[in-house]
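Following: one structure in structure tokens, then a few remarks.
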Amino acid sequence: MKKFKRRLSLTLRGSQTIDESLSELAEQMTIEENSSKDNEPIVKNGRPPTSHSMHSFLHQYTGSFKKPPLRRPHSVIGGSLGSFMAMPRNGSRLDIVHENLKMGSDGESDQASGTSSDEVQSPTGVCLRNRIHRRISMEDLNKRLSLPADIRIPDGYLEKLQINSPPFDQPMSRRSRRASLSEIGFGKMETYIKLEKLGEGTYATVYKGRSKLTENLVALKEIRLEHEEGAPCTAIREVSLLKDLKHANIVTLHDIVHTDKSLTLVFEYLDKDLKQYMDDCGNIMSMHNVKLFLYQILRGLAYCHRRKVLHRDLKPQNLLINEKGELKLADFGLARAKSVPTKTYSNEVVTLWYRPPDVLLGSSEYSTQIDMWGVGCIFFEMASGRPLFPGSTVEDELHLIFRLLGTPSQETWPGISSNEEFKNYNFPKYKPQPLINHAPRLDSEGIELITKFLQYESKKRVSAEEAMKHVYFRSLGPRIHALPESVSIFSLKEIQLQKDPGFRNSSYPETGHGKNRRQSMLF
């Protein structure tokens, strides 16, 4: 009977039906691109592919832990109930491990979970590790499922699922991984609780929410779907870009929930945006904090630009900040990947105050430098406490720009004299004014850097990568430049926020501020 149970425990259970109703859009978010080659699991020792049930998912995700998996000799596969030889580690001796024969008819042990330090009594009196009862940590599960770095499955959830399975080292198929994520709770609206409305726009409503799975706060961007038109192109664009952008200074897209009536994007929750932060400071920020925020903006942008992704809608409302001071780029609804340099894009893309003059004058051929003008405007706003060019119309915006930086000429902006829109406006001939007169809190290095951002010719604007190396950031130390992309700058002990001079310890009331909050998340 024991031999029969032993044989039965080595067989694999049949596959369960998988719900294939999730859209390809949700699949692309939850499945990493580099796993697309793994259409089916690797067959080991002549076994068929594993099933797609939750139990087999757990089996497949217990292979890469701190200790190497134990390999089963072919004689055991054939039915022998002898001892197993563990693989050696670091040249140490082989440990003898006996199979735990107390198995249920479904091949699962009916004993409680054990850890790698648990011991069982061998018939020969040797103390042995029980290889079946290995405790899987949250880190193990997150790594194997490629979950976002700040998602943590609670310990209680691991215990509830009884994740204690023999180690398997074969990779998981896309199909099986998708089913596993769904069984955990991803892609389901019931996994999230709506707490309060943060804002509402033409196409989307944003809620503050909580994940039942992790107890973490989330931002739920609920996009209404019209049956005639389907998902707005901005939503599709945002999802397609964010699923590939994994960086400490870019907002994390945790999940996608697709129903017949809506598409809900589940983002990490950050308490406020840069506009709210400046309001809380009475628009008088610490210049040290200005430097930290500017560096993080550049760091996130440099990552995007290396991947030929343009944000195209930079503004304080699209820069989210948490309590630590970590700043993250958000709202990629107008962003797009730049694959062909000469490709013509729509020129209706950027909020007016942060729109560069070449776009204001009708240029639709641009590159990553389109974002750098907006960085300069935001830099000035943080340092001075007021918007740099708060124009109400395109003409008014250009008027404010030319009055400060000087009306461009053929010498200062080659080709401008032949621009029809520029000629039609017939602007007065303004002379440039010293920027230090308008931002007296900036030092000479800061003035030099902001000047590099505010160049009429887009190709002359400093890149995000180059700006990070500017002498203005020298006081932050050298280690900040060597951080991995996924690591926050606040992981360095020398990087800390300072108290802002104008900070007032006040917050928005519980109600009445929804329309002013998180406008960055709306279409």
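Numbers run from 1 along the shown chain.
Cβ coordinates are placed from backbone N, Cα and C, and glycine is handled just like the others.
Annotation comment: Swiss-Prot describes SER9 (among others) as phosphoserine.
What Swiss-Prot lists as region 'Disordered' is 30-55 (among others).
Residues or ranges marked as phosphoserine in Swiss-Prot: SER80 (among others).
Taken from Swiss-Prot, the feature phosphoserine applies to SER92 (among others), supported by a large-scale study or a structure entry.
For 103-123 (among others), the entry in Swiss-Prot reads region 'Disordered'.
As annotated by Swiss-Prot, phosphoserine applies to SER105 (among others), with the evidence given as a large-scale study or a structure entry.
Taken from Swiss-Prot, the feature compositional bias 'Polar residues' applies to 110-123.
If you look up Swiss-Prot, you'll see SER137 (among others) marked as phosphoserine, on the strength of a large-scale study or a structure entry.
Per Swiss-Prot, phosphoserine is recorded for SER146 (among others), and the stated evidence type is a large-scale study or a structure entry.
Among the features that Swiss-Prot reports, phosphoserine is placed at SER165 (among others), with the record citing a large-scale study or a structure entry.
Per Swiss-Prot, phosphoserine is recorded for SER180 (among others).
Swiss-Prot lists 192-473 with the feature domain 'Protein kinase'.
Here Swiss-Prot flags LEU198, GLY199, GLU200, GLY201, THR202, TYR203, ALA204, THR205, VAL206, LYS221 as ATP binding site, drawing on sequence analysis. For the recorded site, VAL206 (ATP binding site), the DSSP three-state label reads strand.
For ASP313 (active site, proton acceptor), the count of additional Cβ atoms within 10 Å of its Cβ stands at 22 [all protein chains shown]. The active site, proton acceptor feature in Swiss-Prot is assigned to ASP313.
Annotation comment: Swiss-Prot describes 501-523 (among others) as region 'Disordered'.
The compositional bias 'Basic residues' annotation in Swiss-Prot covers 514-523.
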Hey, what's the Cβ neighbour count for ALA204 (ATP binding site) at 10 Å? 23
Based on DSSP, name the secondary structure state of ASP313 (active site, proton acceptor): helix, strand or coil. coil
What is the total of other Cβ atoms whose distance to the Cβ of LEU198 (ATP binding site) is within 10 Å? 23
For the binding-site residues listed here (GLU200, VAL206), which one has the lowest count of neighbouring CB atoms within 10 Å of its own CB? GLU200
Rounded to a whole angstrom, what is the C-alpha distance between GLU200 (ATP binding site) and ASP313 (active site, proton acceptor)? 19
Rounded inter-Cα distance in Å - ASP313 (active site, proton acceptor), VAL206 (ATP binding site): 18
